[in-house]
Amino acid sequence: MNMLARVRPDLAGFQPYASARRSGLVGTIRLNANESPWSGDGCPTGFNRYPDPQPLALRSDLAALYGVAEDRLWTGRGSDEAIDLLLRGFCRAGRDNVVGLAPSFGMYRIGAQLQGAEYRTLALRAEADFALDPDRLLALADADTKLVILCSPNNPTGELHHDAIGHLAQALAGRALLVVDEAYIEFAGIPSATALLDRYDNLVVLRTLSKAHALAGARIGSLIAHADVARFIGSIAAPYPLPLPCVAAAVAALEPAALERTHARIATLVAERGQLADALARLPRVRRVWPSAANFVLARFDDGPAALERALAAGIVLRDVSAQPGLDDCLRITVGSPYENEALLEALA
Ligand SMILES: *Cc1c(COP(=O)(O)O)cnc(C)c1O
């Protein structure tokens, strides 16, 4: 079954805003978008014009990077925008629901709440190392479930859940989208779930340049899905989501030489992650450090707030995740440069 059948019925056949750039008309004198005919003082040329909604060079670079056909890809302002558009496009306010993990990334709940969709979570237990039983996750889904969101590696646990994807996508076929958020997959050393797109047309994969590609400030995230789903998301998005300087930064970061440096940086961070986790685990006031497939580690301290305070006194900011279910006294620690990690270990020793 085509997943567009699960789109909000009031959006069936949705007509997107007919922006000037979408018209596809080409000419040397452009008087169709109320732009300024002149560039602003000190601005690079071309900044007086609206950008391409989905710039060709960036699209083809991202499709190559992720190994997918271009028509499966929609790129917007970070994966955050893709999450928001999935919720808005598929969930009927006050009726539909979304299923996810707890603990997990906080934006799913916020996006669901903004759209008026119920957010149901399966509690993963720290004592079981956050192991996921996919059938218990499926048990939360019903006829009004539109999205099941699987963050893998999961934030903030660092745990991989990719081995559940096939089973979940199969069980949800024709009913709900399985959204796999792979914001940290580059640090996991495993293949992306995009390899399964041919098999499951209800699979959506989210990728971002924010973490491994060092471009959090550029806000470039991609939704990769069945071409119909990708096209629908593009149709409900704002007309010009990608600012010119961000596109230029991303295209530069995806050049072969830059990609090579990115891979070297990823290797450095993965090595640092192992060392940091080991060193943290040896500290007397650390109770547990969980294995992580991402660029952070989750650690439980005897006294979380005290550890947070001690780091802060040394000018080091950590993420307090203790408010999430089952994570009392836990802090999420981003793997930094060797210097930064050393400074943290010294502060906590
Ligand atoms: C950081 C993060 C994102 C946000 O990505 P952007 O592309 O910067 O919006 C998405 N999902 C998870 C799980 C994250 O940790």
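Each residue, glycine too, has its Cβ placed from N, Cα and C.
Under the heading domain 'Aminotransferase class I/classII large', TrEMBL lists 46-348. Taken from TrEMBL, the feature N6-(pyridoxal phosphate)lysine covers Lys211.
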Spatial neighbours, same chain, of Lys211 (N6-(pyridoxal phosphate)lysine) - Cβ under 8 Å, 6+ residues apart: Ala183, Tyr184, Glu186, Phe187, Asn295
The residue listed as 'N6-(pyridoxal phosphate)lysine' - helix vs strand vs coil (DSSP): coil
PLDDT averaged over every residue in the domain 'Aminotransferase class I/classII large' (46-348): 97
